[in-house]
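J.: Sharing a structure here in structure tokens format.
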Amino acid sequence: MVKITIMGASGTIGKTVAFNLAEKDVIDEIIMFSRPASHERVKGEILDMYDALAAEDIDCELKASSDYADLAGSSIVLITSGVPRKEGMSRLDLAVPNSKIVQEYSKQIAIHAPDSVILIVTNPVDVMTSIALKTSGFDKKRVIGLGNHLDSLRLKTLLSKHFHINSREIHTRVIGEHGDHMVPLLSSTTIGGILLKSFVEYMDLDVPKLVETLKNSGNNIISKKGATEYGPSYAISNLILTIANDTRKILTVSTYLEGEVEGVYDVSLGVPVILCKHGIKRIVPLKMNDEERTEFFDAARTVKKTTYELEKMLNKE
């Protein structure tokens with residue numbers, strides 16, 4: 001039996017992920033966890049979802065809960081709760097208020113679902129991944145951040161439009177911070193197995209503009225509709241289904257590093273990993289050119305500094 005708990009299920013991301021997963025008809029039970037004040041609203045969301053699922057003859061158990069005891073038996077616990085990002089805010093602006101939420105939930109997960117995989121979506125996700133890891137006491141392979149998986153999908157879309165190629169043919173990756181210090185690995189990006197730079201259209205590619213557009217993708221959506229929704233939700237569902245089905249895909253997620261990539265340690269960053277039913281099977285080696293390596297080190301310094309400062313602040317309270 002596969003049981004998923006979504007903490008923050010009353011929010012846009014949480015409820016959309018719940019419906020995405022239910023539609024796939026591979027999850028047996030989904031606990032939609034929220035604060036008591038949102039409990040009735042979540043019940044309403046579930047009733048609405050059941051009507052939609054009935055049209056497809058899908059039978060998935062959905063339950064609204066505000067009781068931590070309902071986490072018991074969860075294979076994966078998703079944390080989406082937090083202060084939402086608004087236009088003009090960096091993800092790091094959210095660190096202080098959101099860290100307290102992640103701390104509280106991580107403690108409860110450790111008590112009620114000690115064998116689960118924790119998946120962090122709350123921003124700044126790289127910092128929150130470290131907070132969840134240290135608070136829960138879990139093995140680092142079982143604490144994962146959404147991180148650059150979403151950024152990699154966004155880059156894939158941008159390249160698909162520029163090169164007029166089906167996105168399935170594009171293999172690219174973004175690593176580092178899920179934020180201003182993300183690192184697109186264009187030097188190793190391929191289309192149909194051929195290096196990006198080999199295509200004549202590459203001559204017309206304004207790389208600095210591409211990277212800037214990529215970094216501003218989330219903010220651009222927020223400025224127009226108030227929040228990101230479908231992209232993050234489907235990226236999250238992709239990660240959850242990969243873990244739940246043990247399909248061993250290589251995806252880029254935020255994980256705590258201890259020297260595995262370029263000697264970077266004591267910080268959570270986005271790197272490619274093989275995902276399995278137990279979380280991260282292993283980190284996958286990757287190639288970077290000198291410029292990308294420098295940017296990766298910059299990302300490590302930035303995220304590590306923020307994490308240290310935040311931990312110091314939390315320890316004083």
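Cβ atoms here come from the backbone N, Cα and C positions, even for glycine.
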J.: Let me know which member of N98, N148 Swiss-Prot also records as binding NADP(+) at the site of G8, A9, S10, G11, T12, I13, G14, V121, T122, N123.
T.: N98
J.: Quick check on the recorded positions: of R154, H178, whose CB has the lowest count of neighbouring CB atoms inside 10 Å?
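T.: Output over recorded positions R154, H178: least Cβ neighbours within 10 Å is R154.
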J.: Would you mind checking how many other C-beta atoms are within 10 angstroms of the C-beta on V121 (NADP(+) binding site)?
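T.: Excluding its own Cβ, V121 (NADP(+) binding site) sees 28 Cβ atoms within 10 Å.
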J.: Find, for the listed binding-site residues S10, T12, N123, the residue with the lowest Cβ contact count at a 10 Å cut-off, counting only other Cβ atoms.
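T.: Fewest other Cβ atoms within 10 Å, among the binding-site residues S10, T12, N123, is found for T12.
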J.: Could you give the Cα-Cα distance between G8 (NADP(+) binding site) and R154 (substrate binding site), in whole Å?
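T.: Here the two Cα atoms are 24 Å apart.
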